[in-house]
Number of protein chains: 6
Amino acid sequence: MANSYDSGRLDLPFVGISTFGKRPYQPDWNALEADVAILGAPFDAGTQWRAGARFGPRGVREASTLFSFGHAGAYDHEDDVTYLPASVRIVDMGDADIIHTDTEGSHANIEAGVRAALRAGALPVVIGGDHSVNIPCIRAFDDQGDIHILQIDAHLDFVDERHGVRHGHGNPMRRAAEQPYVTGLTQVGIRNVSSTAREGYADARAMGSDIISVRQARELGTQALLARIPVGARIYITLDIDAFCPSIAPGTGTPSHGGFLYYEVLELLQGVAQGDEIVGIDLVEVAPDYDPTGSTTVLAAQVLLNLLGFVFHARGAE
Amino acid sequence: MANSYDSGRLDLPFVGISTFGKRPYQPDWNALEADVAILGAPFDAGTQWRAGARFGPRGVREASTLFSFGHAGAYDHEDDVTYLPASVRIVDMGDADIIHTDTEGSHANIEAGVRAALRAGALPVVIGGDHSVNIPCIRAFDDQGDIHILQIDAHLDFVDERHGVRHGHGNPMRRAAEQPYVTGLTQVGIRNVSSTAREGYADARAMGSDIISVRQARELGTQALLARIPVGARIYITLDIDAFCPSIAPGTGTPSHGGFLYYEVLELLQGVAQGDEIVGIDLVEVAPDYDPTGSTTVLAAQVLLNLLGFVFHARGAE
Amino acid sequence: MANSYDSGRLDLPFVGISTFGKRPYQPDWNALEADVAILGAPFDAGTQWRAGARFGPRGVREASTLFSFGHAGAYDHEDDVTYLPASVRIVDMGDADIIHTDTEGSHANIEAGVRAALRAGALPVVIGGDHSVNIPCIRAFDDQGDIHILQIDAHLDFVDERHGVRHGHGNPMRRAAEQPYVTGLTQVGIRNVSSTAREGYADARAMGSDIISVRQARELGTQALLARIPVGARIYITLDIDAFCPSIAPGTGTPSHGGFLYYEVLELLQGVAQGDEIVGIDLVEVAPDYDPTGSTTVLAAQVLLNLLGFVFHARGAE
Amino acid sequence: MANSYDSGRLDLPFVGISTFGKRPYQPDWNALEADVAILGAPFDAGTQWRAGARFGPRGVREASTLFSFGHAGAYDHEDDVTYLPASVRIVDMGDADIIHTDTEGSHANIEAGVRAALRAGALPVVIGGDHSVNIPCIRAFDDQGDIHILQIDAHLDFVDERHGVRHGHGNPMRRAAEQPYVTGLTQVGIRNVSSTAREGYADARAMGSDIISVRQARELGTQALLARIPVGARIYITLDIDAFCPSIAPGTGTPSHGGFLYYEVLELLQGVAQGDEIVGIDLVEVAPDYDPTGSTTVLAAQVLLNLLGFVFHARGAE
Amino acid sequence: MANSYDSGRLDLPFVGISTFGKRPYQPDWNALEADVAILGAPFDAGTQWRAGARFGPRGVREASTLFSFGHAGAYDHEDDVTYLPASVRIVDMGDADIIHTDTEGSHANIEAGVRAALRAGALPVVIGGDHSVNIPCIRAFDDQGDIHILQIDAHLDFVDERHGVRHGHGNPMRRAAEQPYVTGLTQVGIRNVSSTAREGYADARAMGSDIISVRQARELGTQALLARIPVGARIYITLDIDAFCPSIAPGTGTPSHGGFLYYEVLELLQGVAQGDEIVGIDLVEVAPDYDPTGSTTVLAAQVLLNLLGFVFHARGAE
Amino acid sequence: MANSYDSGRLDLPFVGISTFGKRPYQPDWNALEADVAILGAPFDAGTQWRAGARFGPRGVREASTLFSFGHAGAYDHEDDVTYLPASVRIVDMGDADIIHTDTEGSHANIEAGVRAALRAGALPVVIGGDHSVNIPCIRAFDDQGDIHILQIDAHLDFVDERHGVRHGHGNPMRRAAEQPYVTGLTQVGIRNVSSTAREGYADARAMGSDIISVRQARELGTQALLARIPVGARIYITLDIDAFCPSIAPGTGTPSHGGFLYYEVLELLQGVAQGDEIVGIDLVEVAPDYDPTGSTTVLAAQVLLNLLGFVFHARGAE
């Protein structure tokens, strides 16, 4: 296990091409050899307030290089663990092809990317893009067995249809709940007014959702919150960056005050990674153009890298 | 009770003219028919550090449209209440006329607007402008009976006079305390160095103020804090956005670290709305030009809309 | 002819609701009584680089208030003319309804707005939105007689179809040229690499286009440039803000260096307004979130207000 | 004549306290010993659109340090001259005291500062603040003999009175023209709609003004433009930064497109410095908070330092 | 004890030259007469991600003027104490001379400044610059007796050597620990991945470090945390602004989520000032160009001024 | 010759990994097969005002994707040429390894990269980084035969030594002129005060420089300007982005007003590419953090891509 700076280059974080974590780029999706496959999904035509999540994949990739000091793994002194040792193969697939003015075409390309990752046996990690990109992600799991969805988000995103719109960023959890292989949803962080009206909440509960606000989650504490999620399940995590407080995640389309702080989400993710099998991840709604200090992209990268560390530590990576 | 999107237009948040909450605009102040009258007071010549609160009314109005999804009311799943049903008539009066270089003339125009709202039987809600705009607001209540003032702010604003200045943004609470119909003040969130010196605190207490810092408020908890405010009183709420932590409210003239987070203020406001009669509101010191991410204007709009929801829910709106 | 500040209010530019030029807002499109009808078209899903033009209408409206000092008309000392006297009735229609993820639905709503303006006998002025909003604008002229299009733009926007896309912001001039009532196009400012490839230029010329770059326009001079436009024609002007140099118009989706400076476009517009009949206008691709100093929105407002002044001065307004 | 870096410190531009040009600070105005006295006038309550010029003095001072490389004078290879040799004593007086909400009090303090500079035999150079600070500057010249005013500005600033306002930033040139010792004004750069209406232009001409737009100035050329200014006169220069194009001077309250580029103003100033006696200077309306790139403050510092170089070169400094 | 506004000038925060706290500037380091000596150390070539800390000293100085209202001391109503009475002499030394491309030369100049402050019997307070400036600060204490270092920081900064680098911003705590007069380190706030790898943590502990994360510090509480620091020791405090949460301190080179909030650090500092002797302070890594709202520089100034207040209150200042 | 969008992917500009022009990335410098080799040189410790050019390579790479529409070459309608056909092989080498605090080590790594490109027979194109990175670039040509340097820049950069500094961003042209294989320099755009003093200009001329200011270049016109450059020479072009006007290139360390506009530089480059052999290129001082609108990085990418087009068109690429 060698640090890269021991062999030739110091490779400071600000140096080099911005793939995710400076990991290898593999544009040939039929040749993926990876434990984790990163896919950008730069689609933002599903937004109802600010767009800009199309630059999310590039922004998160660049921020992820801040955590690349050339070490062979990421040492955490609190856990006394070195996460993500060199044995965990992370590969950057690049982006799904997006076709402007064409929601269905763009979604289909995202779906194809997730299917390619699954086919290669890799954990698909999709960086949005707005939350509508979750729709094709979930579709791609139709031959993977049952999954439970853990959504961390400010908004319920459970609108069925309005003015003909069924695939915008207010619809994905409804679309997911309709899938026979989605056995349930845990929706955490939900708060304030959104595009989902009262009836959407009733529908969600009727279709198997457990809805928990930020204040409810805080009152429960991490352990009791984890107890609300099925143990040992195959979990798909969809993380909307606006689940976080705008103080640390301003760079998003529809910010909502009263969100989670860093460790609240991190500890939830660590707990889920320890107790369940994580089968897919998307992180959406990062809009770098509303993030003048870089706080949001750094947060997204930091959370993703930690989550991947937790997942593979639970899988016994060394 | 119909959702607006059921009849013709989807009216996404980013669509349309920016009146407060996309509510009707009524420039003829003699023709107001409203439960709530929104008045902009874009005056900022009273500031001692950064100006820019003159754009506060426009900024808060635009941000308020983010919460306009065309629903007939704002459903809150935590309270299981739909706030602000269509029966609550909110009208935007536009702005008071401001005369540059003329503090007294500008203040007089603000006072006239508040008097017009009161005359129409509406709850006046003034969006500043700097905190000096509270001075004419309080003046307009001289024929309304006794009021108690709840100030939520980082600064005491209790300077009597210095270099002849009596109507700047460091003076309003002193001016208010001098009014015979102001029976007391509760000043919450006060912290750090400000333009009020030691003697100002002594004067405030002598004139009936109860001064509570952020840390003291936290130690008390919401219920004990509410117990410090007269029950059943007629309350005028003046909310300086710098009461909040700069992490969520950077867009203000004189930011002060260590401020309140979102739910701390929200729960205080909800409690007061339940236990007292709210007779007037101003929200001041929002300076959009120092708010590159929009966090501050969104916060201001979110707090105001929630507060109005609490007030009219307490009044039995359906 | 009275200045508004002579009767009651000073109404400084920063005061008041942001309709275009602080002119009356008329949401009932069947009740339009106007010489000019301003319509916002906040659609930006047709973009190939940065989105954000959905906030163009609001941004241009707010910037337009800078030019509202309460005078009865806009005096220009160089021309010794007071443009836009009170007799010219400008009305703000608000925005066309936009449906996220639905390009055709959104375009149809824009088309309906332009048709309403034409039906009322008003000059339609559409503020985009991305350049794809020109497509429904031109469609709305199908019963208005022949028109010639003057496009001022960095990009030719003459892509026929690619990956199925026919109504993105790279397609509008091709779509326009296909209309039987479009007798020709003058395309000014075209420069640098864009989404239109070599064959697009050939197609454009074959379909009646006259293509002129910035450098070619400068070499011609305003008079010779005007001579390239049919005299006495019914002209529809489509102005993409990226025709201007990024130095003054950075707030746009696809900036292109080497663009026009202010007076170059202004003098062209003044000449056309004098020599032709202007029957419709759109100004597109203003994206305020990329305009930190406000330069672009101020430019857009300034150009539009001047152009309207030229048009009605030519029509003999007093 | 020694370079400062030859004796101990390199003193790179980014190092050290930000007085103007890193020159000595003398807060005791009775002890001034200087050829040039820099006075900040951070007053901006006279503005009609964006405020923020109160931070102009600090912004220009900090930008001025960019031109401080420790050389003994500023070598210009085009002129082959070393301007501002060590013999020219420039002193920073600090700022005039500003009293919020009190225009007259603030103006009086500015006037006192300019009188102190004149009493010390120094050339007063006032950095605004908004253009209303010119009013007390001109007042301070009431015992100095006749002066001619060269105004370089986008706006005429010739409003007499409106709603009682006589000392805002739209009034200074009218106030100046009223002084018996002001023998005339040359107003260069004037363009577009402003707070001065048609009658203001007529009044200005009647009171001795020569009004020249940017386009007229360009058509004349520098030499013919200089010929419009009295030769050998005692000239007071008032430079509003919005005379420049917003492309290089966005950081100002009321930007106006179509302004001057750098060398157009520089060559005018050089010509005036050679042909006339410069007796006072103010540079106003720099608002750093609207200047995200620093372009405007750098421009202001660069123009001021060059102008001072031209003045003292004409006076024979070595 | 007089307030400055009682004698002539109001001196609002935005008025005047930006020395630290508007205190006197003394460039002659042999003539220092002060209790506190402020030294800027604008060096940032030691950074591994974003530079820009070279503008830290200027940024913190300007922000510090926000807390200058002309009062004779800073009254804190929570403690009922007036901190920093006029008797505490704070002097601004200006900046150490920085030589670009020369780390050792720049560090030597910083060391010379700290030695000058110590020679004058003043408490040296160094404003960075990146954290490498701590290296010469600690060197300057080689003749001052034993010291214990309290580091408040996100990063351990304990890299020994890599690619020859020993004096970058990842090395200072290792360099400090090597000094015989450094008896131990308490490192608080350490979290997440950084340039220090696993072995660095082991080395630190072996060399006398006590490493405490943010979560560990929170679990301990202030009193138990204070108990981890030697009582009555001579303490040197090095405060890296990235110890704070990016929500309030985004303006720094290497932000790290999960940091401290305001009162957590303030109460730690107050406790240390009460129980120990503070012999030196540096505050580093403030990069104003990444701080668009000014939150970070205000935080730095607010913390420094409070810390100085605590120190001299403990010393009995009146 | 096929467009990429004809075979599978539309690949809009905002989609995909940001290598230069979305060209292949080749980190193995021994395996370069290219006509053009792009090398990032993210070193900025040589700066005397703002740093930040370390992010120049990433910024220019990302901006370069705006010009990637999937066409097989870049069609220019003014020249009626399709530049950069698929036959021109452009490869991105990634970045030279940078060692913080170590100027010489970093420079050596840059030199190694340029030597690798030259060894592979590719045209080296280095993206800085500050202008000091030109020093190792020129060193790498020591075995390539005589070269003439065309510098386009605001600053002469001809300081020999000061306080021991010989390899900062004020020194490169002096270092170049000292090389025996550098037969002369043409320095275009030089203006205003800089770190080079009077004697530096004399030295430059003595060592073979031809110094031309912006105004002198304009007066000459492109043809006469080209006549000042040796015909048929082997030219190394070093382009400091601050040669351009800050209106289009604010994102740089030491902006200087009065710079070149877009076509002035483009036409000079086109002329040189036609009349001379271009053997090396560097483009330096792009600092994206000071470029809030993206204007500067877009300019840099646009100029580089055009220049490469001109070079290979002159070489007969088809």
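We number each residue from 1, going along the chain as drawn.
Placement of Cβ uses the backbone N, Cα and C atoms for every residue, glycine included.
Over in TrEMBL, the protein carries these features:
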BINDING   D:H131, D:D153, D:H155, D:D157, D:D240, D:D242  Mn(2+) binding site
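Features as recorded by TrEMBL, highlighted on the structure.
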residue: D:H131; record: Mn(2+) binding site; DSSP class: helix
residue: D:D153; record: Mn(2+) binding site; DSSP class: coil
residue: D:D240; record: Mn(2+) binding site; DSSP class: strand
Across all the protein chains here, work out how many other Cβ atoms are within 10 Å of the Cβ of D:D240 (Mn(2+) binding site).
29
If you tally other C-beta atoms within 10 angstroms for each of the binding-site residues D:H131, D:H155, the top scorer is D:H131
Using a Cβ cut-off of under 8 Å to chain B, which of the binding-site residues D:H131, D:D153, D:D157, D:D240, D:D242 qualify?
none
So for D:D157 (Mn(2+) binding site), how many other CB atoms are inside 10 Å of its CB?
28
Across every protein chain in view, the count of C-beta atoms other than its own within 10 A of the C-beta of D:D242 (Mn(2+) binding site) is 28
Only counting partners 6 or more residues apart, tell me which same-chain residues put their Cβ under 8 Å from the Cβ of D:D153 (Mn(2+) binding site).
D:H131, D:Q187, D:V188, D:G189, D:I190, D:T238, D:L239, D:D240, D:D242, D:A243
Could you name the residues, excluding D:H131, D:D153, D:H155, D:D157, D:D240, D:D242, of the same chain that surround the Mn(2+) site, i.e. Cβ within 8 Å of the Cβ centre of those residues, in sequence order?
D:Q151, D:A154, D:L156, D:H169, D:A243, D:T254, D:V284, D:E285
